[in-house]
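Okay, so here's the structure we're looking at.
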Amino acid sequence: MKIADLMTLLDHHVPFRTAESWDNVGLLIGDEDVEVTGVLTALDCTLEVVNEAIEKGYNTIISHHPLIFKGVTSLKANGYGLIIRKLIQHDINLIAMHTNLDVNPHGVNMMLAKAMGLKNISIINNQQDVYYKVQTYIPKDNVGPFKDKLSENGLAQEGNYEYCFFESEGRGQFKPVGEANPTIGQIDKIEYVDEVKIEFMIDACQKSWAEQLIKQYHPYETPVFDFIEIKQTSLYGLGVMAEVDNQMTLEDFAANIKSKLNIPSVRFVGESNQKIKRIAIIGGSGIGYEYQAVQQGADVFVTGDIKHHDALDAKIHGVNLIDINHYSEYVMKEGLKTLLMNWFNTEKINIDVEASTINTDPFEYI
C-alpha cells in the first residue's frame with residue numbers, strides 16, 4: 001500500500017472534506033508514491049513521537065492535532081523546525097486527522113463516550129451537506145462524448161457508482177446574432193435543435209470544476225447550465241449525546257470520568273448532588289456549544305479547555321460543566337488504531353499499526 005492508497009482509504013472512512021474550513025488536515029509531510037511500512041497513531045506529533053516511529057521502523061504517523069497549523073516561516077534546528085526536519089530526514093510521512101475525526105460518527109467524541117462507559121450514543125450538531133444538481137442542454141448527437149468527458153474527470157459519481165446521469169429529450173431554439181460563431185445554425189436565423197437535458201449530482205467542492213468542464217466540452221459557444229443547491233442533514237456532527245446506565249450525582253459522574261479516562265484531574269461546574277443522566281460531549285475545546293447541548297436535553301456538558309469566565313457564565317445560568325482537559329483526546333490513539341486495523345483487515349492489507357505510547361500532555365500535575 002502506498003501513501004496515496006492510504007489517503008484514499010482514510011478519505012473514504014473519515015472524509016477530509018468534513019473538516020472545518022480553518023483546519024489543516026491531510027498529508028502534511030511526505031510522498032504519496034512511497035510504500036507504507038507501518039503506521040503510528042498519535043495525539044500530537046512531538047519529537048519523542050517521531051523517534052518512536054523511527055525506532056519501530058514505521059514511516060507513517062497519523063496525528064490528531066496538525067503539526068503544521070498556523071504556518072511555518074522557518075525550519076531551524078529547534079522547536080517545530082527540528083520536528084519537521086527530522087520527519088523529512090527520515091522519510092516519515094505525517095498525516096493529520098483533526099476536525100474530520102472529531103465530527104465522524106466513529107471519531108473522537110464517540111471514542112470518549114465509549115471510554116466513559118456510556119450508552120445510547122448519538123451524534124449532535126449535525127453538519128449540513130451541500131450538493132448541486134447540475135442541468136445542461138446539449139444536441140442529441142453530442143450527448144455520448146460529452147458525458148464521457150464529464151465522467152472521465154470525476155463528475156456524475158454516487159458512492160461506488162459512476163456515470164450517473166439522467167436524460168430527457170426536448171427541442172431547443174436560438175438565433176445567432178452579431179459576431180456569434182455558432183456550431184449549429186446561421187446568423188440572424190432561428191435554429192431548432194433536438195436536444196437532451198442532462199442532469200447529474202456533484203458535491204459542493206466540485207462546482208467550479210463542473211462549470212469549467214461544461215464550458216470546455218459543450219459544443220455550444222455559450223452553453224446553458226444550472227446549479228440547483230440541495231442541502232441534506234449529514235451523518236457527521238460535532239459532539240455526541242449519551243447516557244449513563246443509572247442516574248448519578250454530578251460529583252460522582254465527574255469522579256467516574258476521571259477514573260475511566262485515567263486522567264490526573266477533572267473540574268466541574270454545578271451542584272455536586274444534582275442528578276445526571278444525559279451527557280453531551282465535545283472533546284478538545286467545545287465551549288460555545290454548552291447552551292445548545294442543554295437545549296437538546298443534556299444534564300451536563302463535558303469538554304476541555306474551559307476558561308474562568310465561561311465557567312462563571314455557566315454557573316450563573318445553571319449549566320453543568322465538566323472539564324476533562326484537552327489531553328483527554330488521547331483515547332483516539334487506540335481508537336484510531338482499532339479503526340485502521342479493521343479497515344486494513346477488510347481490504348486484506350497487511351501493515352502494522354501501533355498507538356504511540358508517548359504522553360504528549362504538556363502539563364505536569366501535583
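Cβ coordinates come from backbone N, Cα and C, glycine included.
The Zn(2+) 1 binding site annotation in Swiss-Prot covers HIS64, ASP102, GLU329 and is backed by similarity to another entry. Here the Cβ of ASP102 (Zn(2+) 1 binding site) has 26 other Cβ atoms within 10 Å, regardless of which shown protein chain they belong to. Secondary structure from DSSP puts ASP102 (Zn(2+) 1 binding site) in a helix.
When secondary structure is read from DSSP and collapsed to three states, GLU329 (Zn(2+) 1 binding site) falls in the helix class. Taking a C-beta cut-off of under 8 Å and a sequence gap of six or more, GLU329 (Zn(2+) 1 binding site) has these contacts in its own chain: LEU43, HIS64, VAL108, LEU112, GLY283, GLY284, GLY304. The annotation Zn(2+) 2 binding site is assigned in Swiss-Prot to HIS65, HIS326, GLU329 on the grounds of similarity to another entry.
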Residues close to Zn(2+) 1 site centre defined by HIS64, ASP102, GLU329, Cβ within 8 Å:
LEU43, HIS65, HIS98, THR99, LEU101, GLY107, VAL108, GLY283, GLY284, MET332
Taking every protein chain shown into account, which of the binding-site residues HIS64, HIS65, HIS326 has the largest tally of Cβ atoms within 10 Å of its Cβ?
HIS64
